[in-house]
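Engineer: According to TrEMBL, the record shows the following:
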- E84, D103, L105: Mg(2+) 1 binding site (BINDING)
- D103, D106, E269: Mg(2+) 2 binding site (BINDING)
- D106, G107, S108, S109, N197, K263: substrate binding site (BINDING)
- 13-183: domain 'Fructose-1-6-bisphosphatase class I N-terminal' (DOMAIN)
- 187-320: domain 'Fructose-1-6-bisphosphatase class 1 C-terminal' (DOMAIN)
Amino acid sequence: MKRLLPTLRADQTSESLISVINTIHIAAKEISFRLHQGALAGVLGSTLDENIQGETQKKLDVVANQLLKTLLLESPNVHAIASEEEDSIVVSPNSGHYLVAFDPLDGSSNIDINGSVGTIFSILRKPEGEETGESMFLQPGKAQVAAGYIVYGPATMLVMTTGKAVRTYTLDQTVGEFLLTRETAEIPRSTREFAINMSNQRHWAPPVKEYVEDLLKGETGPRKKNFNMRWNAAMVSDVHRIITRGGLFTYPWDDRNGKKPFKLRLMYEAAPMALLIEKAGGKATDGYQRILDIVPTDIHQRVGVVLGSASEVDKCMDYHAKHPKPF
Ligand code: F6P
């Protein structure tokens with residue numbers, strides 16, 4: 001079976017980019033090991049701190065962040081990092097050509113229940129010039145040179161693209177290597193499965209309410225087919241299901257908290273997932289426009305997300321088009 005690095009070389013990925021990806025996968029193997037140790041490693045539960053997003057940090061959020069941060073900042077090819085768990089970007093003493101944005105442990109509320117969690121990463125080229133501040137990172141998702149995630153489930157899997165195919169690798173625990181287990185992901189155009197946190201229904205804007213109501217009417221409703229619903233509460237594992245067998249995932253705008261009408265972060269959740277989804281033949285939008293076209297104004301910016309099987313995303317966007325934007 002093919003190992004990770006030779007497959008990247010076969011895609012003509014540059015050695016400097018391969019080295020950054022390799023650094024991420026070394027950190028991922030360590031995170032996977034700690035997660036699989038579970039309570040034995042003494043890392044379950046929360047810290048007493050909150051991150052910049054006002055969320056309580058899990059001990060493993062901190063461990064995963066520290067591992068990625070330390071290893072990436074030691075890499076000669078990395079210029080700076082942005083992390084969900086860091087208030088600001090951190091610039092490396094090395095003057096590498098790449099910027100890495102990451103969510104070290106997505107869906108971390110699943111840790112204590114032994115559910116799937118993941119690491120999401122997005123790699124950008126440092127813009128030419130002397131710029132060293134946060135604005136270096138404020139590039140639209142379509143500028144990403146690589147993106148991917150590691151899902152720590154029953155198996156640890158890495159799904160990534162350097163702009164060509166979306167490849168899936170599985171961590172062989174016996175040799176400690178990611179081995180290629182799926183050459184190319186192809187998301188079916190249509191689906192009968194959707195993912196949304198239904199408990200927020202009363203807070204959604206009209207287009208999302210109407211869209212989901214019609215899905216729930218099943219074969220006697222306007223969609224003329226029955227839909228199944230899945231919600232893993234970790235974007236990585238919901239997206240992994242869609243990359244594997246299709247589906248629609250949405251975390252839309254809602255009015256629960258006027259200061260935070262969106263939940264998911266653009267730079268290290270929505271944009272890297274959008275690149276993977278598009279490269280696998282799906283679509284990723286905020287309900288109105290392509291996520292990869294959105295130019296961030298802040299590294300921790302949040303965004304509405306509708307992604308997955310292309311024709312289902314189009315359908316969902318048709319409902320949005322009938323209403324004015326709530327934001
Ligand atoms: O980014 C945070 C996250 O955990 C995502 O991974 C996931 O899709 C979502 O939040 C879960 O949200 P909720 O708590 O509403 O189920």
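Heads up, the Cβ atoms here are built off N, Cα and C, so glycines get one too.
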Engineer: Between 0 and 100, where does the mean pLDDT of the domain 'Fructose-1-6-bisphosphatase class 1 C-terminal' (187-320) sit?
Structural biologist: 97
Engineer: Between G107 (substrate binding site) and E269 (Mg(2+) 2 binding site), how many Å separate their Cα atoms?
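Structural biologist: E269 (Mg(2+) 2 binding site) has its Cα 11 Å from the Cα of G107 (substrate binding site).
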Engineer: Would you mind sorting out which binding-site residues among E84, D103, L105, D106, G107, N197 put a C-beta under 6 angstroms from ligand 1?
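Structural biologist: Cβ < 6 Å from ligand 1, in sequence order: D106, G107, N197.
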Engineer: Which of the binding-site residues D103, L105, D106, E269 has its Cα nearest to the Cα of K263 (substrate binding site)?
Structural biologist: E269
Engineer: Within 10 Å of the Cβ of K263 (substrate binding site), how many other Cβ atoms can be counted across all chains shown?
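Structural biologist: Total other Cβ atoms inside 10 Å, all chains included: 20.
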Engineer: Do you know offhand how many angstrom separate E269 (Mg(2+) 2 binding site) and L105 (Mg(2+) 1 binding site) by C-alpha?
Structural biologist: 11
Engineer: If you measure D103 (Mg(2+) 1 binding site) to N197 (substrate binding site) at Cα, how many Å is it?
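Structural biologist: Approximately 20 Å lies between the Cα of D103 (Mg(2+) 1 binding site) and that of N197 (substrate binding site).
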Engineer: Translate the DSSP assignment of D103 (Mg(2+) 1 binding site) into the three-state scheme.
Structural biologist: strand
